[in-house]
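Working notes, beginning with the structure itself.
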Amino acid sequence: MSNKPIADMIETIEHFAQTQPSYPVYNVLGQEHTYGDLKSDSDSLAAVIDQLGLPEKSPVVVFGGQEYEMLATFVALTKSGHAYIPIDSHSALERVSAILEVAEPSLIIAISAFPLEQVSTPMINLAQVQEAFAQGNNYEITHPVKGDDNYYIIFTSGTTGQPKGVQISHDNLLSFTNWMITDKEFATPSRPQMLAQPPYSFDLSVMYWAPTLALGGTLFTLPSVITQDFKQLFAAIFSLPIAIWTSTPSFADMAMLSEYFNSEKMPGITHFYFDGEELTVKTAQKLRERFPNARIINAYGPTEATVALSAVAVTDEMLATLKRLPIGYTKADSPTFIIDEEGNKLPNGEQGEIIVSGPAVSKGYMNNPEKTAEAFFEFEDLPAYHTGDVGTMTDEGLLLYGGRMDFQIKFNGYRIELEDVSQNLNKSRFIESAVAVPRYNKDHKVQNLLAYVILKDSVREQFERDIDITKAIKEDLTDIMMSYMIPSKFLYRDSLPLTPNGKIDIKGLINEVNKR
């Protein structure tokens, strides 16, 4: 039986609270909370929020990790007509402070201890939230988030300058959710059993909670005490009865460091959903070997177009024949085009910037008209967004990714795509993972290319010195890379830094190399 689109997120959650009140919606390391719990707790908290007399539709910050109280608070805020701004409890203080400055929230709900002192914004803590749950207040839903009202606001993790708050409306959310639960590429089962690992402050989280709540499924998550310790994390993850794994490819790469991450130990896994960064052929091949019968979905899209705008199930033929995986068939309701520098549409097969239009495109950045005007525009009478990504559309309607426009550099007259260099580095038999980073001179021209490298196990035992390893890697690469693309310096590391969202922190490495 195929899934049906939903008309309203809160009405759908209410429906499941009536039809399956004792079915688990949230499981934190074996501790279950049901759809009935979610309804009564969110109703009771919504009643308390209404009594605070906050300005109508004003945004509210919710600070915490993956606790059940986070989800119940989000639902309560939606019922009471407020957009929520999730901030992860591991966020840097400067980031938390910058978000408060931009967002000017009417309230902070701190599920985890709030790290900033002397905040003028009113605050509710975890004990008060739990006390509100215990009151068991009834609640009549008369002024929920609807239509073009903001449902959530997610701040992108810019490494420089002020973070930008992407406003996602209820209509935006429905466009994404209904595509995901009805799309043949995702093939999302009813009552999905989903891993809820990416933090709520990262819009990849919407890829697990939206379809799960829309289809009456269960979210499985882990307390932050465990997620901070990789050994504990993977010992716990392997015991979860999940069917769908949603994460960045980097997180799956980390999981594959464990020999237990395979279909024998985790026989329940039927789907992998990837988004947030590029899924390489190498990672997908390794995953296919570990989980030969699982469906691997490569999805793509910016936060500004509500999580994702395209998706494709990776086939064995793709893995055998392609150097770079396609990023998917685009959503039917979201016309996606390739344009040139003058803004003209390009024919299939030609490379340009990917722009997306339609009902999933955000209304813009919160309280930031300047940045909104730079990135958002109207295209053929539809709201549209400049992704800043390079791409090509095939005649079959598949979108191909060509890297970030801001990760394209000019070196010795050649235009070089940093992600191309990184992908080729990863083909070396000596390399487990690598990224290419430019070093600039004082005139901001690229002086040379560096590579940060994690070596495969036992490589060091084969060579006496790092210089010998570098020589062997360069010999490995001469057949597959132009000489001007091969980095001149190789820096060997045990690990590469990740952003709070689980992506390799390329911008951070660029800043490190250039001592910014």
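Each position is counted from 1, following the chain as shown.
Note: Cβ is positioned from N, Cα and C throughout, glycine not excepted.
Per Swiss-Prot, the features are as follows:
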type: BINDING; residues: Thr156, Ser157, Asn298, Ala299, Tyr300, Gly301, Pro302, Thr303, Asp389, Tyr401, Gly402, Gly403, Arg404, Lys503; note: ATP binding site
type: BINDING; residues: Asp203, Val307, Lys503; note: D-alanine binding site
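Here the features listed in Swiss-Prot are placed on the structure.
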| residue | record | DSSP (3 states) |
| --- | --- | --- |
| Thr156 | ATP binding site | coil |
| Asp203 | D-alanine binding site | helix |
| Asn298 | ATP binding site | strand |
| Val307 | D-alanine binding site | coil |
| Asp389 | ATP binding site | strand |
| Gly402 | ATP binding site | strand |
| Lys503 | D-alanine binding site | coil |
Sorted by sequence, non-Asp203, Val307, Lys503 residues with Cβ within 8 Å of centre, D-alanine: Pro198, Phe202, Leu204, Ser205, Val206, Met207, Asp275, Gly276, Gly301, Thr303, Ala308, Asn501
Residues Asp203, Val307, Lys503 [recorded D-alanine binders]: greatest CA to CA distance in Å: 15
Neighbourhood of Tyr300 (ATP binding site), C-beta criterion under 8 angstroms, separation at least six: Asp275, Ala308, Leu309, Ser310, Ala311, Ile327, Gly328, Leu399, Tyr401
Binding-site residues: Thr156, Asn298 - member with fewest neighbouring CB atoms within 10 Å: Thr156
Spatially closest candidate among Asp203, Val307, Lys503, the listed binding-site residues, to Arg404 (ATP binding site) (Cα to Cα): Lys503
For Asp389 (ATP binding site), nearby residues of its own chain (Cβ under 8 Å, 6 or more apart in sequence): Pro302, Glu353, Ile354, Tyr401, Gly402, Gly403, Arg404, Met405
Lys503 (D-alanine binding site), number of other Cβ atoms within 10 Å: 20
Cα-Cα distance linking Thr156 (ATP binding site) and Lys503 (D-alanine binding site), given in Å to the nearest integer: 13
Neighbourhood of Val307 (D-alanine binding site) by C-beta distance under 8 A, where only residues 6 or more apart in the same chain count: Phe176, Asp203, Leu204, Val206, Met207, Ala210, Asp275, Ala299, Gly301
Protein Cβ atoms within 10 Å of Gly402 (ATP binding site), excluding its own: 20
